[in-house]
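Data first, discussion second: the structure below is written as C-alpha cells.
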Amino acid sequence: MSVILASAGYDHTIRFWDALTGVCSRTIQHTDSQVNRLEITSDKRFLAAAGNLYVRLYDIRQGGSTGNNAAQTSAANAGTGGGSNSGGNSDNNPVMTFEGHTNNVTSLAFQAENKWMVTSSEDGMVKVWDVRSPSVQRNYKHNCPVNEVVIHPNQGELISCDQDGNIRVWDLGENQCTHHLIPEDDVPINSISVASDGSMLVAGNHKGNCYVWKMQNQKDITSLTPVTKFRSHSKYITRVLLSTDMKHLATCSADHTARIWSTEQNFTLETTLQGHQRWVWDCAFSADSAYLVTACSDHYVRLWDLSNSETVRQYNGHHKGAVCVALNDV
C-alpha cells in the first residue's frame, strides 16, 4: 500500500512526505504563486495544484523518466503551448497546465474516472475541464468569488459556494443551476462537503456556523431538506469535510483548531484537535477515518490519531504557512 501525502502553501513549494517517518521525500517548486488546494487523482498517478490563475498537474510517480513518462511529458508540453518547462529536473515539471481562470483558483475536484475536472475561482467562475486535453468544457457563473466546488457522487451534479453566501447546485445534464440556497444573507460560505453516498450536504461559513441538508435523488432529481444548523467554532471556518464512512465531520478554523463531529449523534462534538499555533486551513481523513491530517499557517502539517486526539507525526519543512494537504492511503 503506497500512501501519498502532499502539502503546499505560501512558500511556493509542494512537498511529498513519508507519512510514517515524517521525512520529506520530494519537493516541487511551484514558482508561479502560492498553492491554494491539492488533489490526488483516484488512480494515484497525478497531483493537481490550484494556484493563482492556473491548475498544474504533476506526475506522482518518482524516479528517472521512464520512456512512457517522457513521452507523456513532451506530449503534454506540446499540448499546452509552453508554460510547462519551468527548470529543474523533468520529474518536477508539470505534465499539464490548465489556463482560463483570471484570479485565484480556490478548489478543484476530479470526476471518478479522472476524465474531467472541475475548478472554482475568485474570478466568480466554476469551470469543467477535459483532463485528457486541457480545455474548458463548461462555465458556470457566480457573481462573486467562488470558494469551493464539489462533485456529487452521482457525477451528474456540481455543488458550489461563494463569498456572498450562496450555495448552487448545477445539473450537468441540463447544463443549468437547479438549486440556490442562502443559509445566511451576505455571510460567506467558505467550504462545502458532500457525503460519499450523496445523502448529505454540509456547509461552513464565515461566522463559524455549519449547515446540514439531507439530499435525496429520485428519478435524477435532487431534493435538499434542511436538517440542522450548529455553531462549530467562534471564528471563521476554513474547511468542512465529511469522512468517507460519513460518520464524522471535520471542521477547520481560524481559532487554531480542527474539530471532529459525530454525524450519527446529531453533530455532537467528538474531539477538538489542539496544538496548531495559527489558522488551520485544510484537512484530509485517512481512508479508514481513524486519522486526520491538517495544514496550518504555523508552517506545520500534522497527523492526528482521532482515537486519542494526539499528534502522531508533525511534518516540518515549509517555511511559510501550509494551506492545503492531500492524502491517499487507499
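Backbone N, Cα and C atoms are what each Cβ position is placed from, and that goes for glycine too.
Per TrEMBL, the features are:
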REPEAT    1-27  repeat 'WD'
REGION    68-100  region 'Disordered'
COMPBIAS  68-78  compositional bias 'Low complexity'
REPEAT    98-139  repeat 'WD'
REPEAT    139-180  repeat 'WD'
REPEAT    182-223  repeat 'WD'
REPEAT    230-271  repeat 'WD'
REPEAT    273-314  repeat 'WD'
Range from 1-27, 230-271, 273-314 with the greatest count of C-beta pairs under 8 A to the repeat 'WD' (182-223): 230-271
Long-range neighbours of the repeat 'WD' (273-314), counting only residues six or more past its ends (CB under 8 A): 5, 7, 9, 17, 19-20, 22, 37, 236, 238-239, 241, 243-245, 247-248, 250, 252-254, 256-260, 320-330
Chain residues outside the repeat 'WD' (230-271) and at least six past its termini with a C-beta under 8 angstroms from it: 190-197, 199-200, 202-210, 212, 277-285, 287-289, 292, 294, 296, 304, 306, 309
The repeat 'WD' (182-223): DSSP-derived helix, strand, coil residue counts: 0 helix, 25 strand, 17 coil
Secondary structure content, the repeat 'WD' (230-271) (per DSSP, counts of residues): 0 helix, 23 strand, 19 coil
Structural state census, the repeat 'WD' (1-27) (DSSP three-state): 0 helix, 15 strand, 12 coil
Helix, strand and coil totals (DSSP H, G, I; E, B; other) for the repeat 'WD' (273-314): 0 helix, 23 strand, 19 coil
